[in-house]
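According to TrEMBL, the feature ATP binding site maps to 266, 267, 268, 269, 270, 271, 272, 273. The coiled coil annotation in TrEMBL covers 8-125. Residues or ranges marked as domain 'Kinesin motor' in TrEMBL: 177-527. Look at TrEMBL and you will find 551-573 tagged as region 'Disordered'.
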Ligand code: ADP
Ligand code: MG
């Protein structure tokens, strides 16, 4: 029982402890319940609080949203306004641009219109311009032509001055004199056949010595001094062109208004025809028809014809010219007009009468009823001369088969008119191929031949007398003593320039005839200054020289001035 009571007291302590514990637990449950209840209440309060809070937040949010929306709306409105204004500005700009574009288009259109108008006007003008251009072209062409003509004139002028200088010297030298050239041809076949020896020695350019087989020493040789000696073959300086080179100046002198005479003197067969015309006496065949140039064998006449037309051609810019040709043969004292048309049967031949220069208007010898043929070209001139040569009545003598027993006188009157000044200048070129100078006895002539020979001697003596009178200075020159000298009166003496070509055979067989011819030429050489001996003639010559000088000065002045349009007449277009 102490244990039971201990267990009872323990159990009772435990019951009491359990009870305390249960009370405590119940208190605790009650506290928890309270706590729970508080917590619920608090939760509910919190919830309510939260609800309230949420509601307030929602309101605030909504308010903020509203504000935001409002703000956005305002912003949008602002944006719209600015967009509107931007658009308006843009529209304005666009309108301005459109206007500008429109204006530009209008301007461009206007420009285009104007351009079109201008083009139209230009087109209309084009015709005028073209015309103008054509005129310009014409003017340029004309200027070119004038320029060329100027150049030609200039060249011509310079050449002329050069030529004139030479000519002046030559003419001065020749004036009042008879220039004498000697031409000794090569030995002919017949002379060689005869075994002839040479009869001459050419000492130098102006001196020749001939044998005189009929004389005894010391006179068996004779020296002759002349202006020039041509002897031998062409390679020895005795070619046709070399002989012509020396007389060429005279053609120009003639165109300048001087009377010139070139005559060949010598026995038959000595080379007169060869010298004056060419081999066989043919003229046309001595000129190359394609080139218009003289052939090597051509003598003085064809060469002079070529030179004459060459110079006239060169001077075409300065003057127009006419060439009048006449051609006579003097056979047995009878004058034959070689250019006369053949007369009809039964028709009476008109009498030919030679008038001295002092009795004619032209101041030149004239043949009444004589034929004058105008030659405008070289071809025409050679045709005329050919026709005349064909009319010659040549006969052969015992001395040479081809000889001519008549004198041939060819004259070219050259009348040139200065295109500007209108001054007319006339000169006469006379070319004479005389009949043979041999003595009658040697030719063994009888009958008609004798008559021929006598008549030839008479005519040559007449030339001798004229030359003699000119040499001695007598007032009276016996031109009228013979038809031949009358015909040559304007070409020998006075202010005429005369060249005598003394033709000689080189053979000793013909030496006497050669010496005779040379001796005759010595008389001609002695003609010094014909005018000095004759005061009236001297005065006349001074006058004519003055005129010539004035004319030259005038012509030079005119040429220096240059060409003028539509100069004084003439052929110029
Ligand atoms: P002329 O007329 O004086 O009677 P030609 O002129 O008829 O003499 O000449 C006689 C001959 O001599 C001709 O056959 C001619 O061809 C020739 N002859 C003359 N001179 C020369 C010369 N310089 N050179 C060559 N042959 C010439
Ligand atoms: Mg002859």
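One is the number of the first residue shown, and numbering goes on along the chain from there.
Cβ coordinates are placed from backbone N, Cα and C, and glycine is handled just like the others.
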Where the C-beta lies under 6 angstroms from ligand 2, the matching binding-site residues among 266, 270, 272, 273: 272, 273
Neighbourhood of residue 272 (ATP binding site) by C-beta distance under 8 A, where only residues 6 or more apart in the same chain count: 264, 265, 266, 433, 434, 436, 501, 503
Three-state secondary structure, residue 272 (ATP binding site) (per DSSP): helix
Local Cβ density at residue 270 (ATP binding site) - other Cβ atoms counted within 10 Å: 30
Candidate with the highest Cβ count within 10 Å, taken from the binding-site residues 266, 269, 271: 266
Other C-beta atoms that fall within 10 angstroms of the C-beta of residue 267 (ATP binding site): 26
Cβ atoms near residue 268 (ATP binding site) (within 10 Å, other residues, all chains): 27
